[in-house]
Amino acid sequence: MRPPRCVGRTQGIPLGLLAFWVATARCLQSQGVSLYIPRSAINATVQEDILLSVDYICHGVPTIEWEYTPNWGVQKIVEWKPGTPANVSQSHRDRVCTFDNGSIQLFSVGVRDSGYYVITVTEHPGSSQSGTILLHVSEIRYEDLHFVAVFFALLAAVAVVLISLMWVCNQCAYKFQRKRRYKLRESTTEEIEMKDVEC
């Protein structure tokens, strides 16, 4: 017995769709390197450790290179292939850590580290992708901390003066009440004596 035949439906993948998928896969393979930078601008303060985070996709083992572009020119920071030791420039030795995904971490940044950081991921000659991250490093404002310290010292001085004035007022009120009680006792005893004399 034959299985029933479905009219209008085809089973399996149509040949045209399969050809489209193969063509798309080949186009994607020929593109080479894809680079993703989640944060293109980073603000930091002095002495902070900063992660310049990136991620890439490629088919082979790429060469990753980071360059620093301050106001006066271009300076190479590091170059490496994932899984191999990094070639770190003398200016950033002991200040940079590399990761296999292409990210780098800068330790103890200073204002001089502000600028553009350019990453270039190269799979083979002619197949590369570049991206840029802007790093702005600012100093901690000690003048602001000084102002806050002076303000709190002034508040403490005002509090001490107010507490002292309250203590003086309390002592004056206590003396005034004592004096009033003493006068009241004197007048009461005087009245009692006068009543005794009149009797």
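Cβ atoms here come from the backbone N, Cα and C positions, even for glycine.
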Quiz item: Which is it, of 16-32, 33-49, 50-66, 169-185, that Swiss-Prot names as region 'Important for CDC42-dependent filopodia induction'?
Solution: 169-185
Quiz item: In sequence order, what residues of the same chain, 6+ apart, have a Cβ less than 8 Å from the Cβ of N43 (N-linked glycosylation site)?
Solution: H136, S138
Quiz item: If one measures from the C-alpha of N87 (N-linked glycosylation site) to the C-alpha of N101 (N-linked glycosylation site), what distance in angstrom results, rounded to a whole number?
Solution: 16
Self-check item: Around the Cβ of N101 (N-linked glycosylation site), the count of other Cβ atoms that are within 10 Å
Solution: 12
Practice problem: For N101 (N-linked glycosylation site), name the DSSP secondary structure in the helix/strand/coil scheme. | Solution: coil
Practice problem: Quick one: give me the count of other CB atoms within 10 A of the CB of N87 (N-linked glycosylation site). | Solution: 13
